[in-house]
Amino acid sequence: MQDFLAHTLAGEAPAARCGETDYYRWTWWDEGVMQLIPHRATQPALVLSAGIHGNETAPVEMLDALLEDLRRGEIILTRPVLVILGNPAALRAGKRYLSDDMNRMFGGRWQRFPESGETRRACVLEHCLERYLSDVGPAWHLDMHTAIRGSHHPRFGVFPARDTPYEADFLAWMADAGLQALVFHRAPGGTFTHHSSACFGAQSCTLELGKAQPFGQNDLTRFSITQSALSALLAGMPAVPADVQPLRYEVASQITRHSEAFTLHMSAQTENFTAFHRGTVLAEDGDTVYRVENETEYVLFPNPNVALGLRAGLMLKEIN
Ligand SMILES: [Zn+2]
């Protein structure tokens, strides 16, 4: 299908809901959701999602460019792929979200939020994942974002907590895709990738690729290493092997904003992966004081402006 992103941004359904190229059959499932099944399919299948946060446009443009390469046959598709533009209403508005952060709502958590476009969309996307993943067999889910802040590691991956180890191939691909750091969660969360991993056993990763910019202002050459690794993955080819291995971190603790009194002791310029030493006071919330417990910890996603009860930052420790 041509102009999938343009149709999605215009809020239009395409004239045809399904079709075929020399290499695959495509089906438009819903606004911003399209399935491509190659005539000869290999495993693992893929879920490629972007735009769960509507202001994170670079991965949306990258996904659109990959779809265009597939349509023209410049990439020969070898795997089933479900392409998802997560939050079309927020993409149109150029905002992270309109009512509530959708990437806290998965795993049925949307039922705990006031009803909104985002709660309805999270429910639709859960159904799409179920329909697709219960049919295609083993799958990888790559959910692509850009970070709000600058980062000591501009490209990194965040992995949901799971009971079984990640497959070596999956982790090796992350290095080939240019990720400089891999962060492992130790507790469940409401992210899209936690849902696909916990409910359907997918190998799942949230990719953070640079910093959020409006449509048209992204320098996609900064993502070319990730884009080439995605092209190779779609084509079932090996990616160019990485010469640098990413650093590994695990989540040591979470800073949560529980009350209006919450204060985060970091500047608005504090970058992701900034180091803090043992004993440093990170945040205060009434009687609760958040301090660094390990020798050195690194902050990820500091954001004092979240709704009450939500994450205002993660503290990491290195695990190499
Ligand atoms: Zn995001």
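These residue numbers are counts, starting from 1, taken along the chain as shown.
Glycine residues also receive a Cβ, built from the backbone N, Cα and C atoms like all the rest.
Binding of Zn(2+) is attributed by TrEMBL to His53, Glu56, and the same site annotation extends, among His141, His145, His152, to His145.
Spacing of Glu208 (active site) relative to His145 (Zn(2+) binding site) is 5 Å (Cα to Cα, whole number). Long-range Cβ contacts of His145 (Zn(2+) binding site) within its own chain (separation 6+, distance under 8 Å): Ala50, Ile52, His53, Glu56, Pro59, Thr206, Leu207, Glu208, Leu209.
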